[in-house]
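Novice: Here it is: the structure, laid out below.
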Amino acid sequence: MLSAPGALVWALLLLEQGCRAAPQSAAGTRSRLPGTASPPTSSGRRLHGRFLHITDVHPDPFYKTYSSTAEEAACHRKRGPAGIYGAETSACDSPISLVNETFKWIRDNLKDSIDFVVWTGDSARHDNDEKIPRTENQIIQQNELLVTKFTEVFGKDDNINDTDPTNDFTIPIVPTFGNNDIMPHNIFQSGPNKWSIKYLDIWRNFIPEAQRHQFQQGGWFYVEVIPAKLAVISLNTLYFFDSNSAVDGCANKHEPGYEHMDWLRIQLQRMRERGIKAILMGHVPPARTNSKLSWDETCWQKYTLWQRQYRDVIVGSLYGHMNIDHFMLQDFQDLKKGTKKGEMKVKTTEQGKSLHEDGEVTVASASDYILSLRDEFAKLPAPPKTNQKALPILPDTDEEFSIWRWFFSKLPSTKKGGVSRRSKRKYLDEIGGKYAQRYSVTHVSPSVVPNFFPTLRVFEYNIDGLEGYIVPFNASLSASLDARLLLSVPDEESDTDYEDNVDKIIDIQKKKKEKESRKKNKKYKFKIPAGPSKSAPPGPAYSLQTFSFLRYTQWFANLTQINNDFVAPTSPGLKISPRYDIPQTIFGLKVSKDGNIETRKWKEGKHGEHQGKKPRPKPHPNTFKFEIEYDTATDKAFRLKDLTVRSYVDLARRIGEEGSGDAKLDSEYEEQNEDIENESDDSMDDDKEVDSSGKKEKKKGNKGKKKRKNNGTWFTFVKRAFVGTMDPKDIEEIFCKRGIGEEQQQQQQQQQQQEVIEL
């Protein structure tokens, strides 16, 4: 029988559950299904609270069904396992059939239920076949193909006599440059340049007139997808990209990266003054761990500072490029002292090695990056445990530990198994307050190109208070018919002449970098943006409000099932083809005994053993469709109640946790988190320093590492990163049996000792 206090606790818990059953309107919870829509009016369109993120399509008109996926064939010739809708898990690009079916599915299932499209680049094939080298015309034609596909889905039916190019679509579509949308790939010079002017014409339907000069200058612009309320800012991340050797970071005011960051600062400031919220989008994400990075460090420093200072304006950040499904945290604690003072050296100490092999992310690099990301997550502050649980985690066989357990069991608790207010406040201080304003979140969506399985992502955002709002047609895009005539178009030059000119610029830039590197003490100054007003509430990325991201649905097309070439007849429900070579290869790449994947850029895919023969006399695929891989609102693995920064910080901590990650431990943390959230919160002070989590660790080999047990959340994170294409046994071998570094292990031991001292 429960005691009186115990009965009271249970009653309160039941009352809390009852309250949860009816969420407040601020939560923005909706249950509308894809394909359902609010009918448009004659004067405009209604909001649905959803948008589509599509990235890395890579259409390849040279793709041939049942061709070889070997590197020398590239799905262009010979016989092999390349399916009619794509060669999943290989390095081949997307057949036009996949592009057609993808946009047909969008038309049939999403067209009438989304408010805008975020299109994050790489809309041309890779330059991966020496016998069919890419040309400038091919790149342009393949991007124009995707514009045509968007027109087929979202183009207006009654637009015959309308000569305004920006009034051709029912919803805004916001594009950005990918590193393969230019030639040579990765290399984007200071603007105006050949490509910024070319794409001003290709994307003339998408770029507002007022933004055209800026786009010509450097390929950046924004669109007010909900006029005077919500904007999507398209960043040209190629100026931040560590593989773009034609530029040099964001410190020197003569560099386009500096100009771009200054432009972004000005736009965010104006949007703050106008009361507009902003979504940031780009191609290459700001990946940065102790061992891997994708941006120049000076650009990462400014971008992260902008994220901190404009956290009352920014709703979220969306990127592609990496092909793997994941998220990352920007830790404001990683801002250098000079950055916070408005000073920056032209050459900073590198955080780690580049993620990229010739501008691309290989399976080996992605795997190392995911492991290093886990180690970063493992350093995140953890909510305080109850007094009975806050013991050093040591092996049960340790005799000394049994004595310590007996000793702590005799200590009186401060709150009968609860958590002290002091511990709660300490934890909140460590993460930047109740809303975790020490961090920002970057969402990275997997690709359409079937490096794994083709994917699409649909976000749901909060439109509470705007349910009846009508967005006037063409309100976010305004154009002048003579605008294009005012542009200065450079003389045409051949592909060879252009590449020779690029080579000269790269040589000049290289000499410039060498000269600058000798100026060790030279610092460049820049303007530090003001932070949010002291009276301003937390921004939409931190606290649920209008435009906050609520959930997303991850869709994927199971090409193994759809192509219907390698599914065993006795197992019609099999999700992936049988593997006969486990664990020697993954996607055709060799794997060493210690779990290291071969560092080749090309991969033949999981059907590589079928090279040299046709799987069937003729293709007979199943019906093409996208299906739900997971929905963050109902997902039991990630358990994201929303997409706020605090929710992601909690998820990242669980991913990085040591041990088995059993349900009891996770639920224990969740209960304490809910208790902590009831504490009053002091908004993050821009001048307040958060205690360091420890000295940055250097990447070391597997020698001397401690193995970790399987963590269910971590396993799911890895599985989803590769869109469910990696064999579970391979995930166990490569990701779940490799331990943490020695230095991090020492840090954890020190933290456990500190807990003992505090007790």
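Every residue, even glycine, has its Cβ placed from backbone N, Cα and C.
Feature list, courtesy of TrEMBL:
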| type | residues | note |
| --- | --- | --- |
| COMPBIAS | 602-612 | compositional bias 'Basic and acidic residues' |
| COMPBIAS | 696-709 | compositional bias 'Basic residues' |
| DOMAIN | 50-313 | domain 'Calcineurin-like phosphoesterase' |
| REGION | 25-46 | region 'Disordered' |
| REGION | 511-539 | region 'Disordered' |
| REGION | 602-623 | region 'Disordered' |
| REGION | 659-709 | region 'Disordered' |
| SIGNAL | 1-21 | signal peptide |
Novice: Six or more residues out from either end of the region 'Disordered' (602-623), which same-chain residues have a Cβ under 8 Å from its Cβ atoms?
Specialist: 65-66, 68-71, 78-81, 83-85, 87-92, 128, 363, 561-566, 576-577, 579-581, 585, 587-589, 725
Novice: Please count the residues of the compositional bias 'Basic and acidic residues' (602-612) that DSSP assigns to helix (H, G, I), strand (E, B) and coil.
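Specialist: So the compositional bias 'Basic and acidic residues' (602-612) is made up of 3 helix, 0 strand, 8 coil.
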Novice: Summarise the model confidence on the domain 'Calcineurin-like phosphoesterase' (50-313) as a single mean pLDDT, whole number.
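Specialist: Summarising the domain 'Calcineurin-like phosphoesterase' (50-313) by its mean pLDDT gives 95.
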